[in-house]
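As recorded in Swiss-Prot:
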- 2-182: domain 'KARI N-terminal Rossmann' (DOMAIN)
- 25, 26, 27, 28, 48, 53, 83, 84, 85, 86, 134: NADP(+) binding site (BINDING)
- 108: active site (ACT_SITE)
- 183-328: domain 'KARI C-terminal knotted' (DOMAIN)
- 191, 227, 231: Mg(2+) 2 binding site (BINDING)
- 191, 195: Mg(2+) 1 binding site (BINDING)
- 252: substrate binding site (BINDING)
């Protein structure tokens, strides 16, 4: 069983009197920086000079420094810039300025797990990974709640790395909801696998293929859109609130029977086999290697696929339907 920590098992004491440098002030960086400051901790921001984020962080009362200087001033460093920017920034601005014994925190294990970032042995390396976008991290904190998070220790130089991870999780409000202890490998691999076979890749293709089937059978695209995309949110909300069995108890008997008998014929063992193949590509590092090479070439394949997604017929129909639902 997973080890779950709440507010009672976490303390801010390990961070008291320490300087926390948040590297990056995007959606996640801003949310975590504000929450940590509101929890009574000393927070500075590390950014490239002159950008909009610099102006925003300054206007919100933070002391802002160039990344290297922020790292030199810090006892605890949160690396909250986009994954694919991290290796270059790490090599050029973070690693040369690290002090012995500092704590470095990541929100995702990708670069460390796959060896794109190789931390020195004389620091703590931890992860606090909120399981929600930055907007929710901030809003839930302000509401007196929190979003769940994963915590992990990659390197425990001080002997207190887990205490630092739990303190950061408490500082951003995550222990109010509960944090699960994991590893860099488990967080990274399950995150990528979940995105690919269910959350982004799986759902997207299931919806698109369902739309195509209905339209090819002669049904109106607008009706098809409502049936396979718009109503998907209603079902997902039920699953989120009640679980799969609870969702089944919230739909009609006709929907129950049709779903339970036809669903396994469509998402069959062959689909499960392909899911496992995709999962093994992640676990082996094959996907990471492919993606890093793609990114370093300027992401031509990604741009092509994004254009195909943008021009899919469901997007034109969806644009009109969303105007009806939400206004122009």
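Every residue gets a Cβ built from N, Cα and C, even glycine.
Shown on the structure are the features that Swiss-Prot records.
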residue : record                 : Cβ contacts under 8 Å, 6 or more apart
25      : NADP(+) binding site   : 33, 45, 47, 53, 54, 56, 57
27      : NADP(+) binding site   : 133, 134, 135
48      : NADP(+) binding site   : 54, 66, 67
83      : NADP(+) binding site   : 108, 110, 111
191     : Mg(2+) 2 binding site  : 108, 129
195     : Mg(2+) 1 binding site  : 201
227     : Mg(2+) 2 binding site  : 210, 214
252     : substrate binding site : none
### Task
Tell me the residue counts in helix, strand and coil for the domain 'KARI C-terminal knotted' (183-328), as DSSP assigns them.
125 helix, 0 strand, 21 coil
### Task
Write down the Cα-Cα distance for residue 85 (NADP(+) binding site) and residue 231 (Mg(2+) 2 binding site), rounded and given in Å.
37
### Summary
The largest Cα to Cα distance in Å among the residues 25, 26, 27, 28, 48, 53, 83, 84, 85, 86, 134, listed in the record as binding NADP(+), is 20
